[in-house]
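Reviewing the structure listed below.
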Amino acid sequence: MKVLFRSDSSSQIGFGHIKRDLVLAKQYSDVSFACLPLEGSLIDEIPYPVYELSSESIYELINLIKEEKFELLIIDHYGISVDDEKLIKLETGVKILSFDDEIKPHHCDILLNVNAYAKASDYEGLVPFKCEVRCGFSYALIREEFYQEAKENREKKYDFFICMGGTDIKNLSLQIASELPKTKIISIATSSSNPNLKKLQKFAKLHNNIRLFIDHENIAKLMNESNKLIISASSLVNEALLLKANFKAICYVKNQESTATWLAKKGYEVEYKY
């Protein structure tokens, strides 16, 4: 089956969509991606053929599907609406798998919500009657190193681990770290695409209790070596749940609200930073 992922990444959007798509992509043998070449994107790190789009036009995507005869379109993109999905289906007949994080309407054959809070009944009336709904933690897309790390009982090197995703455009990592006691050893994980990286590096140099990890290869181990995690209410939550870690979730964008609400109801520590 020829599979096309439609997803983007950038310094503004972050890396979460592409990262989880790459986990799902391992389930298929013939995979390609269609992406906009945005600033700070992960295009060069995608180990599959990438079609660089020139616009957000749905017709450009439709033409690509027709020309390359893709059989399954996997949409992981907040900018593609239910009406766009209907148009794609009408024009191409391609099978559609749509990611969703906000309990929104979709016109797809398979609906995938990988967040722990999600349940199939949430989508009654929001998706076609014959749509296959895949929801909840059992469908979480977590990298293999987390499953391996969950078996390890690591010595705790750090009092706190902070990660606000790969780009952290609001520079919350620095803000959170500066509010913690200077007697605590704090690890901060980020990426080289973080627009606030120089500020973080300067902060780390001025504080000998800060350990800054940039593009670290094994985030799972770092998390497992920490007494408490302070993480964004994103896919990091599923990873923390798998590790059975002590964590606090920070909600700072709208698409994290459902996860944050669910965590709070379950008794987990949640903080909102808008």
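Each Cβ is built from the backbone N, Cα and C atoms, and glycine gets one as well.
Here's what Swiss-Prot has on this protein:
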type	residues	note
BINDING	PHE15, GLY16, ARG143, SER234, SER235, GLU239	substrate binding site
ACT_SITE	HIS17	active site, proton acceptor
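Feature annotations (Swiss-Prot) mapped to structure.
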| residue | record | Cβ neighbours (10 Å) |
| --- | --- | --- |
| PHE15 | substrate binding site | 21 |
| GLY16 | substrate binding site | 20 |
| HIS17 | active site, proton acceptor | 22 |
| ARG143 | substrate binding site | 18 |
| SER234 | substrate binding site | 25 |
| SER235 | substrate binding site | 24 |
| GLU239 | substrate binding site | 24 |
Where the record names PHE15, GLY16, ARG143, SER234, SER235, GLU239 as binding substrate, the maximum Cα to Cα distance in Å: 15
Between SER235 (substrate binding site) and the residue listed as 'active site, proton acceptor', the C-alpha gap once rounded to whole angstrom: 9
Cα-Cα distance linking HIS17 (active site, proton acceptor) and ARG143 (substrate binding site), given in Å to the nearest integer: 13
